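For 5-240, the entry in Swiss-Prot reads domain 'ABC transporter 1', with the evidence type sequence analysis. The ATP binding site annotation in Swiss-Prot covers G37, E38, N39, G40, A41, G42, K43, S44 and rests on sequence analysis. Per Swiss-Prot, the feature domain 'ABC transporter 2' maps to 240-501.
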Amino acid sequence: MSAFLEFRGISKVFPGVRALSEVSFGIECGRVHGLLGENGAGKSTLLKILGGDYQPDGGQIAVEGRPVAFPNARAALAAGIAVIHQELQTVPELTVMDNLLLGHLPSRGGFIRQGEAMAWTRAQLARIGVDLDPKARLKHLSIGQRQMVEICKAILRDARVIALDEPTSSLSVRETDILFRLVKDLRAQGRALIYISHRLDEIFALCDGCTIFRDGRKVADFRSMADVTREQLVAQMVGRQIDDIFGYRPRAPGDVRLRVEGLMGPKLAEPASFAVRRGEIVGLFGLVGAGRSELARLVYGADRKTAGTVVLDGEPIRIRAVADAIRQGIVLCPEDRKEEGIIGCRSVSENINISCRRNRRPGWGGFNLFVDDRQEAKTADHYIARLRIKTPHRDQPIRLLSGGNQQKAILARWLAEDGMRVLIIDEPTRGIDVGAKNEIYQVLYELAERGVAVLMISSELPEILGVADRVLVMSEGRIAGELPRAQATEHAVLNLALRPRRDPCVAAQAA
């Protein structure tokens, strides 16, 4: 069968970097084709060219054998091509209904027919099996729910080609199951699908074949997933063999560095108490909605606590705002990198140095009022090299970097900060390739070996089991249990994560 969609010698150059170099391959109708590669390999750039966001510097796209050009995203949609980017394209202030029908709202005489729009939205969401309130504003939804809105929008446009870039990175288990069903239904309908994921289990479960990128070039093409093993995929992606992605390095933890006692906030069901020792990596696991990120934000001062105490190195401390936590040496790498972790319009150097107090020079009154540009450049170059951040230069806007390199820059920000005592890192490797994951784990081990207490939040259970010295499990807004590494099996952790909260009335009757 001839390819429905073809990439013919696609090249793209940005200042200082060649993102794509003469990439050619095709996709047939009724197939799911995987795209694999490390962060910065060029996968997302190719999808942005397909979706009309970027224009190629060389080569062409062909649909049914005819060359096409998409000057913008609207032209691509009109041609039946929908791209779901890793960075969501939704409007937070609008409702689910408004986002799904944006640009297509039914109207008469200049007025939107709200009743018809609402009925259509409810019917379509029910048809594809997604449980969302059409009236809910997206800013009040979780990242995973917003991702489902983006996916639904592409499906409801009846696109002939649908490209998905890391679609499950923010989804719950149930939402992932819904997505898998939708992808299989679309394949059965004869649509052509492109699927980018760093989760190799998903690639083997969904894709018929795959193409592998490395450094902007196509390095391998597999017609059938039966022709390749997981180990071969990883070796092709990173250009080297990775035997153990986690590379766990055992340590002997020291005294308790962070102790949380009876911490309570609006989104927790019960007061939370736990401790993290010097040189220890504690994994915090729970299903979506369990309260993991909410607990971290309370410790960090991003949300206001209603009760409880935070004790650091044996001394109770007062954290009323994020600045208080940072001054005490408690730092956070947030779950939502784009919205909370980076300043997209600023350079890599500025994002690394934004909290680095040692790069300030004293001004009037002895206050550190002035930025030492030379020292900032030196700091940025040091951590770009140390963490292997792929960027043409330190002044590159950070929004142009891949998700994995953005995460490394956020880590570099706190590595550059003197006096870090506690690192809270939320979803450290979400949307990140195998090679970059291994590098980030090594950084966490190095920090622990320096005596930093690390609290690692992750929804990926293998990551928790592979990296953590001890595991805390949350369920329904409370800490459901704690397991040492030797006892932390998938069965034991999930048993705690799925354990329902005991009804106080039932507990009283039992007593």
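Just so you know, glycine gets a Cβ as well, placed from its N, Cα and C.
Known features from Swiss-Prot, placed on the structure.
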residue	record	CB count, 10 Å
G37	ATP binding site	28
E38	ATP binding site	24
N39	ATP binding site	23
G40	ATP binding site	24
A41	ATP binding site	27
G42	ATP binding site	26
K43	ATP binding site	30
S44	ATP binding site	25
Stretch-averaged pLDDT - the domain 'ABC transporter 2' (240-501)
88
So around the ATP site, G37, E38, N39, G40, A41, G42, K43, S44 aside, which residues have their CB within 8 A of the centroid of those CB atoms?
T45, F213, S402, D433
